[in-house]
Amino acid sequence: MATPHINAVEGAFAETVLFPGDPLRAKYIAETFLENVEQVTDVRNMLGFTGTYKGKRISVMGSGMGIPSCSIYAHELIKDYGVKNLIRVGTCGAISTDVKVRDVIIGMGACTDSRVNRLRFKDNDFAAIADYSLLSAVVDSAKAHGTKIRVGNVFSADLFYTPDPQMFDVMEKMGILGVEMEAAGLYGVAHELGAKALCVVTVSDHIRTGEKTTSDERQTTFSDMIIMTLDAALTL
């Protein structure tokens, strides 16, 4: 039952999919945290895997960078493979001084400079928000693990190299916790197709201070976030 961008067979994906941007990060998650892992798709090297976590069937697949790529894979996973829960796991940049490098942010809502949700919502503003049951499950898991989290709005940017750095001042004033590139599109697709979605990201760098995590720090913080998210997935 291949689609234009996924060559998995019918039933290859679990109902819950962890959705990092980097396909090699998907491979790392599958090989490190899942058991009985099988690679189920590799079109354009956008790797997808299915395995088990503490006995529960879980999938993980790369989404690529940006809303267009993420939206394509999310659409096909939901519509053609019956995926019910998509949880973006990745990294973001912080703006506010009260958000620190290595913090974990849960995107309750996603603002954006993209027009993609206006295109699907008849040129009106769509409130791109996370599914509450997913958000609640991850918050509960974070508390159980003692993981410090921040819950609030993220900003999904179309441009990585922005020509308007003054926009960061506006974001900070409006309480944006982190800048990434996919959540608003993911939330829009999920709402449109009747699925559930959530964005969970670690702060890898601070846009204001220039502070960045080392590769080792990034891996440790990311791993803590993945375990927290996988344990939440057990309750879905």
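Backbone N, Cα and C atoms are what each Cβ position is placed from, and that goes for glycine too.
Take the CB of Met181 (purine D-ribonucleoside binding site) and look out to 10 A: across all protein chains shown you find 25 other CB atoms. In this structure, Met181 (purine D-ribonucleoside binding site) belongs to neither helix nor strand by DSSP; it is coil. According to Swiss-Prot, the purine D-ribonucleoside binding site annotation covers His5, Glu180, Met181, Glu182, Ser204, Asp205.
Per Swiss-Prot, phosphate binding site is recorded for Gly21, Arg25, Arg44, Arg88, Val89, Gly90, Thr91. Within the same chain, residues at least six positions away from Thr91 (phosphate binding site) with a Cβ under 8 Å of its Cβ are Glu180, Val201, Thr202, Val203, Ser204, Arg218, Phe222.
Neighbour count (other Cβ atoms within 10 Å of the Cβ, all protein chains): 16 for Asp205 (purine D-ribonucleoside binding site). Swiss-Prot lists Asp205 with the feature active site, proton donor, giving sequence analysis as the kind of evidence.
Every protein chain considered, the tally of other Cβ atoms within 10 Å of the Cβ of Arg218 (site 'Important for catalytic activity') stands at 17. Annotation note: Arg218 (site 'Important for catalytic activity') sits in a helical segment as assigned by DSSP. Annotated site 'Important for catalytic activity' per Swiss-Prot: Arg218, in sequence order, evidence recorded as sequence analysis.
For Arg88 (phosphate binding site), the nearest of the binding-site residues His5, Glu182, Asp205 in terms of C-alpha separation is Glu182. A C-beta separation below 8 Å, combined with a sequence spacing of at least six in one chain, links Val89 (phosphate binding site) to Leu18, Phe19, Pro20, Ile29, Val200, Val201, Phe222, Met225, Ile226, Thr229. Annotated pair Arg44 (phosphate binding site) and Glu182 (purine D-ribonucleoside binding site), C-alpha to C-alpha distance, rounded: 19 Å. In the three-state DSSP scheme, Arg25 (phosphate binding site) falls into the helix class. Mapped onto three states, the DSSP output places Arg44 (phosphate binding site) in helix.
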